[in-house]
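Record features (Swiss-Prot):
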type: TOPO_DOM; residues: 1-9; note: topological domain 'Cytoplasmic'
type: TRANSMEM; residues: 10-39; note: transmembrane segment
type: TOPO_DOM; residues: 40-56; note: topological domain 'Lumenal'
type: TRANSMEM; residues: 57-78; note: transmembrane segment
type: DOMAIN; residues: 61-218; note: domain 'SSD'
type: MOTIF; residues: 75-78; note: motif 'INSIG-binding motif'
type: TOPO_DOM; residues: 79-89; note: topological domain 'Cytoplasmic'
type: CROSSLNK; residues: Lys89; note: ubiquitin cross-link
type: TRANSMEM; residues: 90-114; note: transmembrane segment
type: TOPO_DOM; residues: 115-123; note: topological domain 'Lumenal'
type: TRANSMEM; residues: 124-149; note: transmembrane segment
type: TOPO_DOM; residues: 150-159; note: topological domain 'Cytoplasmic'
type: TRANSMEM; residues: 160-187; note: transmembrane segment
type: TOPO_DOM; residues: 188-191; note: topological domain 'Lumenal'
type: TRANSMEM; residues: 192-220; note: transmembrane segment
type: TOPO_DOM; residues: 221-248; note: topological domain 'Cytoplasmic'
type: CROSSLNK; residues: Lys248; note: ubiquitin cross-link
type: TRANSMEM; residues: 249-275; note: transmembrane segment
type: TOPO_DOM; residues: 276-314; note: topological domain 'Lumenal'
type: TRANSMEM; residues: 315-339; note: transmembrane segment
type: TOPO_DOM; residues: 340-887; note: topological domain 'Cytoplasmic'
type: ACT_SITE; residues: Glu558; note: active site, charge relay system
type: ACT_SITE; residues: Lys690; note: active site, charge relay system
type: ACT_SITE; residues: Asp766; note: active site, charge relay system
type: ACT_SITE; residues: His865; note: active site, proton donor
type: MOD_RES; residues: Ser871; note: phosphoserine
Amino acid sequence: MLSRLFRMHGLFVASHPWEVIVGTVTLTICMMSMNMFTGNNKICGWNYECPKFEEDVLSSDIIILTITRCIAILYIYFQFQNLRQLGSKYILGIAGLFTIFSSFVFSTVVIHFLDKELTGLNEALPFFLLLIDLSRASALAKFALSSNSQDEVRENIARGMAILGPTFTLDALVECLVIGVGTMSGVRQLEIMCCFGCMSVLANYFVFMTFFPACVSLVLELSRESREGRPIWQLSHFARVLEEEENKPNPVTQRVKMIMSLGLVLVHAHSRWIADPSPQNSTTEHSKVSLGLDEDVSKRIEPSVSLWQFYLSKMISMDIEQVVTLSLAFLLAVKYIFFEQAETESTLSLKNPITSPVATPKKAPDNCCRREPVLSRRNEKLSSVEEEPGVNQDRKVEVIKPLVAETESTSRATFVLGASGGCSPVALGTQEPEIELPSEPRPNEECLQILESAEKGAKFLSDAEIIQLVNAKHIPAYKLETLMETHERGVSIRRQLLSTKLPEPSSLQYLPYRDYNYSLVMGACCENVIGYMPIPVGVAGPLCLDGKEYQVPMATTEGCLVASTNRGCRAIGLGGGASSRVLADGMTRGPVVRLPRACDSAEVKAWLETPEGFAVIKDAFDSTSRFARLQKLHVTMAGRNLYIRFQSKTGDAMGMNMISKGTEKALVKLQEFFPEMQILAVSGNYCTDKKPAAVNWIEGRGKTVVCEAVIPARVVREVLKTTTEAMIDVNINKNLVGSAMAGSIGGYNAHAANIVTAIYIACGQDAAQNVGSSNCITLMEASGPTNEDLYISCTMPSIEIGTVGGGTNLLPQQACLQMLGVQGACKDNPGENARQLARIVCGTVMAGELSLMAALAAGHLVRSHMVHNRSKINLQDLQGTCTKKAA
């Protein structure tokens, strides 16, 4: 019950920070103002001459008071030093704010209690400093700092208040009751000290429950990075703060405190109200005497200076003990501000992500792909640990394990590259007897009879006879693979047919075609096949993304691309890894329909935007697939033409065929309600597929992903060979201003298309979809305590990708998907593999952006390409087509 009340209080305070702060400050000022204007107007030394009471002030009292003040200052210093070890400037700032305002409230209470007399404040302040506790304030701040959004900040503050509020309330009550016992001692100095202590506890409690949570919420809201949607205050080592704070205090301790509180309440009640209080046990008897305001012995005088000058002169005049205290405070402040920073940085460097392990999440691994801890297998070595000596080799990193392809023809994933001639590898199994074929082609009629014979077939015909039948139009050229006994022979015959029609008959000599599993190509990937194009496949990595390491395959012929991306992956890994989120998932198809009049189109548009109309279309759409689920419709008009953009989840498939089938069924259903509607095309370019389009940039298409990382200044200098300031400057003027000057749509990046296309080719994606999938905005800014670290993020709103269907059925492409642990469909959570692949693409793009921008900032781009991207073969020794014809 109490936790619920404190949670509601925390949520209210965090949701209305301005109101709470203004109200708290106003209340505090009102307390001071009412005291100043309505209190006692007799002030000793200013308008009244008060008698000097002869009191023996022992030097030991002065020494004890001075030591107390110094201990209080040292106590506050060590508390702030411990907070600095957390590495968060927000923790320090918020704790400092808490201390300052708490002291202000406490001072106001003391002034009010002492009736405008400020001399007691010097004695009271050490007790306030000794009783202030920043641990709970910093704990509540950690709750807020572990949030990902402003809404989560409010929720976490409420949750923290629910956990910390009851404990803090009970502790404050016990402290007041324990310290309050001293006010009944009869010793005047002890009574005053205990009274100050109680006021200090109450002031801290008041600020913690009102001003502090509101201030935390407001500070984090004002410092939020609104453009990225991610707060810049969030720190990685606060990720588990909620788990730590969930451990509530020991119930036994809480019960003991409650019993103690009840006992102390009885003691206070008996001493103050039941028993006869003796005159010497009452501080009120001494109040006027202590303040020197006795009516009988005081005499009125004319003030010589104004009231504020009088108070200022009293504050400025210092004794030797005050000089010692202020000197200690000044020296500690100088040490903390100027000398402590280097020591803290060197201490934190031992915990720096450069040498610290990548955090392994406690979440149970999914069944979508097989994962194994590296250290679980004794004979297995982690290559990334061997390559990077700076990384702790005892760490336990979750690495994606490649899956073994579940197919009988796994051995055919590797194939021989080279000329088409020569002997093929020895076939497995028993060899069939050789068939003797005539040297000269037989007549077409006889060849047709053999081809159509169930006993013989195409294997009893020579290649020349097959070519003869093709030229005579008896066999369509596109059916060669299906009519021949093997697909490979059909490809070989097509190559022979094509060679005679080419300017250079030997053009296909270096285009390989043997030892490839064409059964996966036919009817799925390509028609009129004449071979396959071997493209070099490199690997970049390890890419540390979301606590896992990935070796990313990239198929490219551009020199430096893989090496550059690999350098970016290394920088990200040394910085502690990258984080990513999938913001949206939905493939689109935008058909165009026409109605007789524009008003009719407007009527259809209005009907589609009603809940009833959408429900009818959704039922028809969802009935076409067990994965396709219509999410929303985006409808627009151009005259009497109506463009309807269907958006749907498609599981692990990229989903163009799936959503096209659902769109077609939905349009047929729509025609039942509007018979005059004419379907012009199932794709009206409002999707938009494989074309630059602002609708994809704004609304998203496929997977919308954001990825971010923080690169320490040391890594920027040593790995990227540049500075944070230079990279930010180039990013603003190249990726943002330059792209805007060019009128770019989604091209606010350096070379996202390079990485996207290389991964797409390697992983069997539709390479043409790099047009929309490469939409990316790269942002960089300074971060860290000294603003020397580099914060980089890449936001890609339209990654069109899948792990089933199309080119992902080919064995080499499946091998690359297996490298990433995302091959095939995810059985437990449909669509998870495709979303994970989209995250990997975005993370790799960010690595490529990081490296290229560093090269541009350092001026290394041209030099590296001159070394690594230029062929060293003497091209004059190779005869080109144009050279030969000219000769």
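Placed from the backbone N, Cα and C atoms, the Cβ positions cover glycine too.
Features as recorded by Swiss-Prot, highlighted on the structure.
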residue: Glu558; record: active site, charge relay system; DSSP class: coil
residue: Lys690; record: active site, charge relay system; DSSP class: coil
residue: Asp766; record: active site, charge relay system; DSSP class: coil
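Taking CA atoms as the reference points, Asp766 (active site, charge relay system) and Glu558 (active site, charge relay system) are 19 Å apart. Counting only the Cα atoms, the space from Lys690 (active site, charge relay system) to Glu558 (active site, charge relay system) is about 22 angstrom. Long-range contacts of the topological domain 'Cytoplasmic' (1-9) within the same chain: residues 158-159, 161-163, 165-166, 209, each at least 6 residues beyond the stretch ends and with a Cβ under 8 Å from a Cβ of the stretch. Counting only same-chain residues 6+ beyond the ends of the topological domain 'Cytoplasmic' (150-159), those with a CB under 8 A from a CB of the stretch are 7-8, 10-11, 13-15, 140, 143-144, 213, 216-217, 220-221, 224, 231, 242. Other C-beta atoms found within 10 angstroms of the C-beta of Asp766 (active site, charge relay system) number 17, with every protein chain shown included. If you take every residue in the topological domain 'Cytoplasmic' (1-9) and average the pLDDT, you get 82. DSSP labels the residues of the topological domain 'Cytoplasmic' (1-9) in these numbers: 8 helix, 0 strand, 1 coil.
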